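Enquirer: Let me begin by handing over the structure; questions about it come next.
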Amino acid sequence: MASSGIETEQEPLLGNCTPGSREWDITETEEHCRSRWISIRILYLTMFFSSVGFSIVIMSIWPYLQKIDQTADASFLGWVIASYSLGQMVASPVFGLWSNYRPRKEPLIVSIFISVAANCLYAYVHVPASHNKYYMLVARGLVGFGAGNVAVVRSYIAGATSLQERISSMANTSACQALGFILGPASTDEVQFPQGNIDQVAVVATNVLFFVVLFIFALFETIVTPLTMDMYAWTRKQAVLYGGIILAALGVEAIIVFMGIKLLSKKIGERAILLGGLIIVCVGFFILLPWGNQFPKIQWEDLHNNSIPNTTFGEIIITLWKSPREDHNEGPTGCPAEQGWCLYTPMIHLAQFLTAAMLIGVGYPSCNVMSYTLYSKILGPKPQGVYMGWLTASGSAARILGPVFISQVYTSWGPRWAFSLVCGIVVLTIMLLGVVYKRLVAFSVRHGRIQE
C-alpha cells in the first residue's frame, strides 16, 4: 500500500485516457475524454492570446499616456502599471467564488465582456477633453479585473486534469456526476463531495511559495535592462534588444524544462522538483553577486534618459518605453555616478550574468508548475474556484511588489545588497518548504483513501 501513495504523488496532472488505464475504467468514455481535452486546449489557446495581448499593450503604455495627457508623470505611470495587477488581485477570488456555485461559463463570459469593454475604453481614452490619465487608470484596472478569470481557468484545468485524483475520493459518486462537477455543474448540490477537511496550513504555505516564485521572476525581468546598461555600458536600445533576446531564450528554455519535469515528476515527485528548483534559483542569484576588483564604466554626465532615476518605480519603468527614435545621439553610457555604489561595487561579468540567467530560467518554471500542481492536489475533489482565486491574487501581488522592491533596493544600494536580499528570501522559502514538506500531499493520501 505504501507504493500506492508514492505513485499517486508522482502521477501527472494530465491524466492517461488510454483503454485499460485506471481513468478509463473508472471515469469516462472516449468521447468524454476527447471533449474535456478539447476544452482544456481551447483554454490554453485563450490564455496564450491573452498573454500576447498584454505584452503588446504594456510596451505602449508610456508613450500613449504622454500623448493623451501632458500632466501625467512617471509616478502616475507606476499606478497605471500596478492597476492591472491590483484589478486582477481583487477579481480573482470573486470569480473563483462565483465558479464554485454557478457554471464556470458565467464568470468566464462576464469577465471577457469586461475585458472587451475595458480595452475599448483604453482605445478611446484620448477622446475626453480632460482627465484622460484617470480614464486610462480605470481602463487598465478594468482590464486587470477581467483578467481575474484566470482563477476560473485554473480551477477548470486543475479539476479536469486531476480527474483520477477526484474520482478516487468519490466513492459514492457516479462517473457522470463527477464529470458534471468537473465541467461545471449549476450547483454544488449535484455532487456529493467526500468527507475530509483541506489542510489549510498546506494551502497557505503553497500560496506563500507561489508568491515568492513569481516575486523573484518579476524582479529579475525588471532588473535585466537597468543592470546591463550599468554593468556593460550598453545603450538603452542595446539593452532592450539584448535583454529581449535573453528573455526570449529563457522562454524557449522554459518550454524544454516543462517537457523534462513532466517525466522527472514521475520518478521523484513534485515536492522534490520544487525544492530543487528553489535551490537552483538561489544558486543563480548567488552567482549574480558582484565579485573581483574590476569595476563598471562610470557615467559622469547627467543622462536622465539613460540612467535609473533615484525616485519612483514608474520612472524606472520609463526606460523600457522610450522610443529609439529619440536617441539619435545616445551620449555617454555606463553606471551613473549619482548611484554612489557604482564607485565601489565590482562589475558583474557578462558570462556571470548569462550563467545566472540560465539557472534562473531552469529553476523558475520548475517551481512555478510544481507549486501549482501541488496546490491542486492538496485541494482535492472539492470546488477549487475560491482557492485558485487566492493563488492568482498572490501572484498578482508578487508582480506588483517584485519590481518595486528590486528597483528601490538596486538604485539605492546596488546589486550586491539587492541580490543578497533575494538570496536570503529564497533561503527562507526553502526553510519554509522543509517545515511543511510532509504536509504537501494529495487530498486522498492525507485522508487515508490511499495510504502513503
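Glycine is no exception: its Cβ is also placed from the backbone N, Cα and C atoms.
Just so you know, TrEMBL annotations are computer predictions that nobody has curated.
I grabbed these lines from TrEMBL:
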- 42-64: transmembrane segment (TRANSMEM)
- 76-96: transmembrane segment (TRANSMEM)
- 108-125: transmembrane segment (TRANSMEM)
- 137-157: transmembrane segment (TRANSMEM)
- 201-220: transmembrane segment (TRANSMEM)
- 240-261: transmembrane segment (TRANSMEM)
- 273-292: transmembrane segment (TRANSMEM)
- 353-375: transmembrane segment (TRANSMEM)
- 387-411: transmembrane segment (TRANSMEM)
- 417-437: transmembrane segment (TRANSMEM)
Enquirer: Go through 42-64, 137-157, 240-261, 273-292, 417-437 and flag the stretch with the largest number of C-beta pairs under 8 Å relative to the transmembrane segment (387-411).
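Expert: Of the candidates 42-64, 137-157, 240-261, 273-292, 417-437, 137-157 scores highest.
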Enquirer: Name the range, of those listed as 42-64, 273-292, 353-375, 417-437, that has the largest tally of Cβ pairs under 8 Å with the transmembrane segment (201-220).
Expert: 353-375
Enquirer: I'm a bit unsure how to read this: which one of 42-64, 240-261, 353-375, 417-437 has the highest number of Cβ pairs shorter than 8 Å with the transmembrane segment (273-292)?
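Expert: Ranking 42-64, 240-261, 353-375, 417-437 by Cβ pairs under 8 Å to the transmembrane segment (273-292) puts 353-375 first.
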Enquirer: Where, among 42-64, 240-261, 417-437, do we find the most CB pairs under 8 A to the transmembrane segment (353-375)?
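Expert: Top-ranked stretch among 42-64, 240-261, 417-437: 240-261.
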Enquirer: With a Cβ cut-off under 8 Å, give me the same-chain residues at least six positions beyond the ends of the transmembrane segment (240-261) that come close to it.
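Expert: Contacts with the transmembrane segment (240-261): 221, 224-225, 228, 234, 273, 320, 354, 357-358, 360-362, 364-366, 369-370.
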